[in-house]
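Data block below; observations after.
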Amino acid sequence: MFVRNALVVTGLLAALTQAAPAERNTSRHKLTVYWGAEDDTTTLDDVCNDSSYDVVNLAFLSHFFSGGGYPRMSIGNLDGPSRAQKKAGATGLQDGSSLVKSIKNCQSKGKPVILSMGGATDYSDVQLHSDAQGQQIANTVWDLFLGGTDHKELRPFGDVKLDGVDLDNETNDGTGYLAMAKQFKANFQKDTSKKYYITAAPQCPYPDQSEPLDVCRLLDWVQVQFYNNGNCNIAQSGFATAVKNWSRGIGSGVQLYIGALASGADGDEGYVDAAVLNRAIDQVKAMDLPNFGGAMLWEAQLAVNNGNYQKEIKANL
């Protein structure tokens, strides 16, 4: 959401220089960010070129079932469905060709671009009613955004393969999500040309009914929303306990990220300034957790508008 190879053969140094741009961060802890839910004054290229960030989550695939039974996208200011999408009745999909170069730019810098599915319930509908629906969505998203080969003409980003999916289910119902996660992981094995990731963004009250622990334990990392949730918010009395519970509950093989608001301007509850967040991150570091991975910010545009909030956070990671 990472790159971890060391080469010692002298003859490969020139190739390494080309493959690993100077832009790339080398800190052990990572910073992930959501992009696409606000206006696009801060472009995807801006985010990709910002050395603060290691992973970009595209927000959002907001509905699992929309026009023609296909998902609905609500990412940035795209131009509506393509001709082929309209013909198929997939009116919730978007022509994402304007983002293709930016996605490739991010990927060329070693920064995964991940499709986040869900969001707040007044904005999205990612509730499933059966395991079969979960498997269906995993296969549909695999074909439309990842390494699948069916429905090529409907792919929003053409032949570009995104790097994975993020589960942001806030419905308080995890039905079908375990089956969906397992199907995604099975599909990932079909394409050995690249690494795919599956992540989640549960709420901090532990455990989260929307993102059950049996799902979270299958993932690459979990970026817990320590905001909008009262006592377990950052700098609140229940924060440390929630962090420890999540770390233990997801298991040492799944990385834990501390999710935070990059601004208080969006009406969400629980924003803290950069100094307070950095103290909270230092508190987590001192816990010496085996799976602490870094931090997550909501959202890229909000961070820029808040004095480039992300730079202070990355500097502390």
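Even glycines carry a Cβ here, placed using N, Cα and C.
Feature annotations, reproduced from Swiss-Prot:
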- 1-19: signal peptide (SIGNAL)
- ASN25: N-linked glycosylation site (CARBOHYD)
- 29-317: domain 'GH18' (DOMAIN)
- ASN49: N-linked glycosylation site (CARBOHYD)
- ASN169: N-linked glycosylation site (CARBOHYD)
- GLU170: active site, proton donor (ACT_SITE)
- ASN245: N-linked glycosylation site (CARBOHYD)
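Counted over every protein chain shown, other Cβ atoms within 10 Å are most numerous around ASN169 among the glycosylation sites ASN49, ASN169, ASN245. Cβ neighbour count for the residue listed as 'active site, proton donor': 22 (other Cβ atoms within 10 Å of its Cβ, all protein chains included). Secondary structure from DSSP puts ASN169 (N-linked glycosylation site) in coil. Under the three-state DSSP scheme, ASN49 (N-linked glycosylation site) falls in the coil class.
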